[in-house]
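Taken from TrEMBL as is:
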REGION    29-51  region 'Disordered'
DOMAIN    106-190  domain 'Saposin B-type'
DISULFID  C110-C186  disulfide bond
DISULFID  C113-C178  disulfide bond
DISULFID  C141-C152  disulfide bond
BINDING   D227, H229, D299, H481  Zn(2+) 1 binding site
DISULFID  C242-C247  disulfide bond
DISULFID  C248-C271  disulfide bond
BINDING   D299, N340, H447, H479  Zn(2+) 2 binding site
DISULFID  C407-C453  disulfide bond
DISULFID  C612-C616  disulfide bond
Amino acid sequence: MFFLCHFFLSVKKKTRTAECYFRDGVFTSPPSSSSPHTGCRHSSPRRTPACPPSAMRLPALLITFTLLLLLTSTPPGSGHPAPASEQRGPVFVQQLSRPGVGFSWRNVSCPLCKAVFTILDIALLSDTNEERVAQAVGEACIRLHLADEQVCREIISLFRDDFIRALQQSLLWPSEACALLVGPSCGKFDIYAPWNITLPKAPKPPVTPPSPPKPGSPQNRVLFLTDIHWDQEYLAGSTADCKAPLCCRKDSGSPSWRRREAGYWGTYSKCDLPLRTVENLLENVAAAGPWDWVYWTGDIPAHNVWSQTRKQQLSELSVISRLIHKHLGPNVTVYPAIGNHESTPVNSFPPPFVHGNRSSAWLYNTMAEEWSPWLSEQALKTLRYGGFYTMAIQPGLRVVSLNMNFCARENFWLMVNSTDPANQLQWLVHTLQASEDKGEKVHIIGHIPPGLCLGSWSWNYYHIINRYESTITGQFFGHTHLDEFQMFYDEVTMKRPLGVAFIAPSVTTYINLNPGYRVYYVDGNYQGSSRMVLDHETYILNLTEANHKPEAPSTPEQNPKWTLLYRATKAYGLTSLFPSNCDGLMQTFVKDDQAFQKFWYFRHKGHVSEPCKETCKTSLLCFLRSGRYEELEQCDLLNGFGGNLARAARKTLC
Ligand SMILES: [Zn+2]
Ligand SMILES: [Zn+2]
């Protein structure tokens with residue numbers, strides 16, 4: 001998803017430079033209202049079209065603007081018990097509010113706004129107008145130099161159908177568009193609206209803090225793979241520094257004398273991995289077994305998101321699933337989770353209310369086929385429905401694999417309805433209650449860390465972690481490509497640490513990283529086991545060594561070594577990795593800069609260029625503390641970052 005982030009952040013950058021000309025007109029996004037809502041609201045049939053072509057220029061421009069605005073806007077955050085923070089509006093809106101012209105969306109009356117969007121709504125019912133919108137957005141992309149011309153054209157044609165459909169069903173409904181533009185008094189915008197899951201009446205059991213297991217207690221060794229990002233078109237010797245969002249590829253061109261070239265095993269640049277590196281990793285982890293089980297949290301395809309097809313996505317899913325199965329053997333169960341890159345367009349995960357060819361059936365059905373050696377019939381059933389499932393791993397331990405694309409702001413289908421998509425969180429609550437009743441422990445795996453989710457989803461998830469803190473004994477995510485974690489505290493005082501979401505580093509090098517993988521040591525299968533993470537290790541392939549033999553620097557190693565980068569307890573002097581240990585570690589980072597810089601080095605899998613000081617350090621500590629998106633925003637405000645931190649954290653989504 002990096003490309004899109006980069007793409008739209010570039011829009012911000014370009015427009016921000018223009019801000020000095022437009023001093024007036026600060027637009028405030030609507031704070032979320034306090035009343036939760038439910039259900040899909042757009043059931044009424046679309047009206048009949050067609051304005052004459054001459055009337056279409058304004059709609060096309062406005063839709064172009066709306067589309068860009070939507071994708072460059074700042075999320076107003078959660079409207080849950082804590083008050084929503086004041087937000088600055090989308091840069092595009094600020095830019096439009098130029099005093100010289102005397103125009104501001106704030107000056108538009110609610111009825112006028114609704115009238116404009118009603119016209120738009122009708123206009124978009126015609127295919128010709130869809131074409132115009134796509135063309136206009138493509139032109140904007142090219143003229144603003146957001147990407148090169150070919151990338152602009154390809155990405156617009158890839159996104160256009162699904163995106164315009166979602167727009168038609170959501171934003172372009174006058175009440176939502178006007179809520180975003182004029183203010184909350186003029187309507188509601190679904191993607192930021194608050195909602196609440198229902199918890200069962202069963203009271204929360206008393207909490208007993210976990211204690212370290214007795215020496216010699218059994219442990220489980222769990223392999224964790226995430227963000228493989230295999231690039232079928234990776235080409236050693238091609239240029240590693242190109243203009244496109246992804247380099248080291250056949251069409252990246254040949255390196256000139258000043259440019260670096262793609263290495264044999266991978267490259268420190270905006271490049272993904274050749275298949276040989278993925279296979280080499282799998283050979284190495286197979287030899288480093290046995291593994292009690294494997295968690296694999298998604299993002300299989302490369303970052304060439306402007307030119308992906310369903311057929312390619314499915315073939316990559318099959319190739320990698322089969323390779324993992326082949327190398328690890330039939331006796332190891334792999335529990336996969338769905339990443340945001342599995343679909344095309346990237347991030348496009350229509351919830352189950354979308355049927356037919358636009359639904360995710362093409363993807364989930366193939367996943368169910370490929371993953372059937374590992375998953376139960378019941379698990380395959382919910383996987384086909386919404387991309388999530390649960391399975392018992394051992395007596396006393398269960399895994400829940402969440403489809404975190406239903407929490408992601410980038411999933412534009414949530415513009416239509418973002419209320420607990422696919423009822424996934426409500427299903428999670430039922431699953432957890434059943435486990436609590438049985439005295440079973442639960443691990444949650446997923447792709448996008450919950451602290452980076454839409455405000456309301458994140459708030460509800462945090463609430464669930466609080467209620468079931470004695471049942472949920474591990475949370476495992478990926479997606480940021482970096483080695484980090486996020487803390488969960490009790491909701492009342494926000495002081496007692498009660499959970500940690502471990503975020504493991506990627507297999508891919510994207511961007512400037514060594515390839516890597518993670519191993520978790522979990523309290524084992526015995527009576528009274530906490531089933532919590534006791535330790536973890538990170539292994540890397542040092543690319544400088546792998547791509548250059550010492551005796552012949554232009555020749556790569558044939559059998560490169562995957563080496564231990566660090567073991568957490570040893571590196572940080574901890575006894576365990578319980579939530580209290582991780583919280584203590586954060587305090588250490590504040591006081592002991594050497595320990596923090598060590599974390600910074602590990603966070604980038606041993607390949608960093610600069611130390612992280614001052615603002616960088618403060619914002620990273622904020623990130624670690626914020627298992628909930630709201631905390632990140634508040635941290636932001638407390639430190640006077642004016643919203644930049646939360647935005648930057650979402651940038652790490654890429
Ligand atoms: Zn990824
Ligand atoms: Zn991802």
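Cβ coordinates come from backbone N, Cα and C, glycine included.
Source: prediction; values computed, not measured.
What TrEMBL annotates, mapped onto the structure for a quick look.
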residue: C141; record: disulfide bond; CB count, 10 Å: 23
residue: C152; record: disulfide bond; CB count, 10 Å: 22
residue: C186; record: disulfide bond; CB count, 10 Å: 21
residue: H229; record: Zn(2+) 1 binding site; CB count, 10 Å: 26
residue: C247; record: disulfide bond; CB count, 10 Å: 27
residue: C248; record: disulfide bond; CB count, 10 Å: 30
residue: C453; record: disulfide bond; CB count, 10 Å: 24
residue: H481; record: Zn(2+) 1 binding site; CB count, 10 Å: 27
residue: C612; record: disulfide bond; CB count, 10 Å: 20
residue: C616; record: disulfide bond; CB count, 10 Å: 13
Going through the recorded positions C242, D299, N340, C453, H479 in sequence order, which have a CB under 6 Å from an atom of ligand 2?
D299, N340, H479
Looking at Cβ-Cβ distances, which residues of the chain lie under 8 angstroms from D299 (Zn(2+) 1 binding site) while being 6 or more apart from it?
T226, D227, I228, H229, G339, N340, H341, E342, H447, G478, H479, S506, T508
So if I take the disulfide-bonded residues (C110, C178, C242, C612) and measure from each Cβ to the nearest atom of ligand 1, which come out below 6 Å?
none
Given the Zn(2+) 1 site D227, H229, D299, H481, its other Cβ neighbours within 8 Å of the Cβ centroid, in chain order, are T226, I228, D272, G339, H341, G478, H479, S506, V507, T508, Y510
Please determine which of the disulfide-bonded residues listed here (C242, C271, C407) has the lowest count of neighbouring CB atoms within 10 Å.
C242
C-beta crowding around H447 (Zn(2+) 2 binding site), within 10 angstroms:
26
Coarse DSSP state, helix versus strand versus coil, of C616 (disulfide bond)
helix
Return the single residue from the recorded positions list (C113, D227, N340, H479) that has the minimum number of other CB atoms within 10 Å.
C113
As a test of the contact definition, list every same-chain residue at least 6 positions from C178 (disulfide bond) whose Cβ is closer than 8 Å to its Cβ.
C110, C113, K114, F117, C186, G187
In whole Å, how far is C248 (disulfide bond) from C152 (disulfide bond) when you measure between their Cα atoms?
20
In three-state DSSP terms, C242 (disulfide bond) is classed as coil
By the DSSP assignment reduced to helix, strand and coil, which category contains C186 (disulfide bond)?
helix
Spatial neighbours of C271 (disulfide bond) among the recorded positions C141, C247, C407, H481, using Cα within 10 Å, are C247
Roughly how many angstrom lie between the C-alpha atoms of C248 (disulfide bond) and C242 (disulfide bond)?
8
Students should find that the Cα atoms of C141 (disulfide bond) and C247 (disulfide bond) sit apart, in Å rounded to an integer, by 20
